[in-house]
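Pasting a structure below so you can have a look.
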Amino acid sequence: MVSKKINRDYSFDALKGFLIILVIMGHAIQLSTDVGGWSLNPLFMVIYTFHMPLFIFISGYFSMSIFRKSIWYIVTNKFKRLLLPSILFSSVICIIYFSSSVIDDVSLIRKVYKCYKTYWYLINIFSLSIIYRLALKNKCTSMAFLAIYVLLLVFYDHLPSYFLKDCQIIRMAPIFGLGLMFRKYKEQVSKMMLKIKMRLLILIGVTVWLCLVRYCFGWDIIKYPITIRIGDGICCSLIVFYLFRICYAKTKDNVIKNWLVVTGQQSLTLYLVHVVLIKFLMWNAYIPEFSYVTMSILTAILYFVSLLYIITVRKVVQEKYLYVFGI
């Protein structure tokens, strides 16, 4: 059932629902494809261009309240809602990893780190919420953080992989900020987008960008320079964002709309649970041969098992403790 909140734009919840399904689908492709082969899959390549940047954008959109809260409240609240379930589910992944037959020629610390950075998206949102709350405190802090960010971009290739790169904080910081800005200036942006000339200008600009980038750097976005990858994520997300909003507005079927909204409101739990299932299947070699049929079946199984988890936990756990389990 869709939770009722005054003035809430449910198209964003529906978009989250659409995106989490794509995330599950992308992981299903990875699971059923040879190592590295998934990056050559056309559907995966399309999904990968926008799904996480757009998720970060939406997270920024829903994070405007951080500017009305104290730093201490943000840290404790975000830790409880994001990091605590992340730690719990990462621990389960760690148990699966060390009880499987996976052979990795890396140190024990590196193996544990590999498990606990699985939910990088949640670490990312936790970190960016704090960073933006501190950075936009006044003009001086804003300029200082901007200078630091530019330096991080300049020396990106020389930075250690831990945290800032593995959790994609540097890459996603501008996109999270765009989500905050869109929420703040939503009415002005919406009015601006009603103008046909503006729509046409943006469409031409984005199209030229996408064509030039793929002509110069190829189709493997993982190999793009960091600045190009940031720009590409923004452009691809922009296209999908407005296409989805148009489709959502024109869709008359409330069943589909409500399903996407409810799915979006449960996206955190779906994300947490399906990744555990994926890791279990991957590390225990239960990997079906890839086809779009097996991908679809696997996506459906992951989705419905995750829903079953939500239903079961809601029945046995008191509501005040549901956040521990990612609900």
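From the backbone N, Cα and C atoms, a Cβ is placed for every residue, glycine too.
Nobody curates TrEMBL annotations by hand; they come from automatic prediction.
Note that the structure is predicted; figures quoted are calculated from it, not measured.
Marked as domain 'Acyltransferase 3' by TrEMBL: 10-311. If you look up TrEMBL, you'll see 12-31, 43-62, 82-99, 119-136, 198-222, 228-248, 268-286, 292-311 marked as transmembrane segment.
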Near the transmembrane segment (198-222), which residues from the same chain, at least 6 beyond its ends, have a CB less than 8 A from one of its CBs?
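For the transmembrane segment (198-222), the far contacts come to 39, 45, 48-49, 192, 228-229, 231-232, 235-236, 238-239.
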Can you tell me which of 12-31, 43-62, 82-99, 268-286 gets the most C-beta pairs within less than 8 Å of the transmembrane segment (228-248)?
43-62
Looking at 12-31, 43-62, 119-136, 268-286, which one has the highest count of Cβ pairs under 8 angstroms to the transmembrane segment (82-99)?
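It is 268-286, which has the most Cβ pairs under 8 Å.
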Could you tell me what the rest of the chain brings near the transmembrane segment (43-62), counting residues at least six beyond its ends with Cβ under 8 Å?
12, 15-16, 19, 22-23, 25-26, 29-30, 33, 121, 124-125, 128, 168, 172, 175-180, 182-183, 219, 221, 232-234, 236-237, 239-241, 292
